[in-house]
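As recorded in Swiss-Prot, the features of this protein are as follows:
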TRANSMEM  26-46  transmembrane segment
TRANSMEM  59-79  transmembrane segment
TRANSMEM  110-130  transmembrane segment
TRANSMEM  136-156  transmembrane segment
TRANSMEM  189-209  transmembrane segment
TRANSMEM  219-239  transmembrane segment
TRANSMEM  252-272  transmembrane segment
Amino acid sequence: MNTLLLSINWNPNPELFNLFGISIRYYGLLWAVGIFFAYIIVHYQFRDKKIDEKKFDPLFFYCFFGILIGARLGHCLFYDPGQYLTSGKGFVEMLLPIKFLAGGGWKFTGYEGLASHGGTLGLMIALWLYCRKTKLHYMDVVDMIAVATPITACFIRLANLMNSEIIGNPTNVPWAFVFERVDMLPRHPGQLYEAIAYLILFFIMIYLYKNYSKKLHRGFFFGLCLAYIFTFRFFIEFVKQNQEAFEDNMMFNMGQWLSVPFIIIGFYFMFFYDRKKVAKK
């Protein structure tokens, strides 16, 4: 049987609509929806733990810029340092959302290339700075962020799906997607696999928070978030297309190697860190 008949042809217009010459894209909208849900969830936890809400206001400023800067630097340094570190123009393109044109001048492109591992590191550093300023315990804050992270990650992967990016390897499974903007081969919808996995983790987090948060030690939610997401990320990479050509000859690709430290850290915080104490309520 022709596997194309069993595949889902995928070629959505990434632009939702155009408003006064400004392109509103699914990618940005889904990112915004994910951040909105995280905002609601973390705000609820602040109120539940009776933390001064004045300390909540600057939190998402730190989170946004920590993730953005970390994700951008992570992509440039981990995946394509030759492009961004060998010329002045490349260095500027790493820092600013522009691209220099061959004939001169430049154009606004947004940040083309963001790495989740770098975003995670950037977020952790930003939260450390936030906690120094607000005098909140670092692990209490990262636990709250961890509860909300999976739903944001889910919407980010749906955004990748709408952009037909981070595609999977060719396959003949009946739920394969044909990403027509790339080629006509049926492929694993890796973005959808990740989105579903993160949605499941989100429901697990909410269940544990509502029913067991007073019994779980400080750092548990942070550890579970890291261990679950990056363990899944490690294994899903086997059915995803490598992002850069240099990864083709590696036993494990860059995403898998970068996931290993986060997995180890995650299990440490789940099973060994501060087990005799429960999180501040």
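Each residue's number is its place along the chain shown, starting with 1.
Every residue gets a Cβ built from N, Cα and C, even glycine.
For the transmembrane segment (110-130), the most Cβ-contacting stretch among 59-79, 136-156, 189-209, 252-272 is 59-79 (pairs under 8 Å).
Within the same chain, residues 30-31, 33-35, 37-38, 41-42, 45-46, 49, 51, 55, 59, 63, 116, 123-124, 127-128, 130, 194-196, 198-199, 201-202, 205-206, 209, 218-222, 224-226, 229, 273-274, 279-280 sit at least 6 positions outside the transmembrane segment (136-156) and bring their C-beta atoms closer than 8 Å to a C-beta of that stretch. Residues 78-79, 115, 117, 120, 219-220, 222-231, 233-234, 237, 240, 242-244 of the same chain lie 6+ residues outside the transmembrane segment (252-272) yet bring a C-beta within less than 8 angstroms of a C-beta in it.
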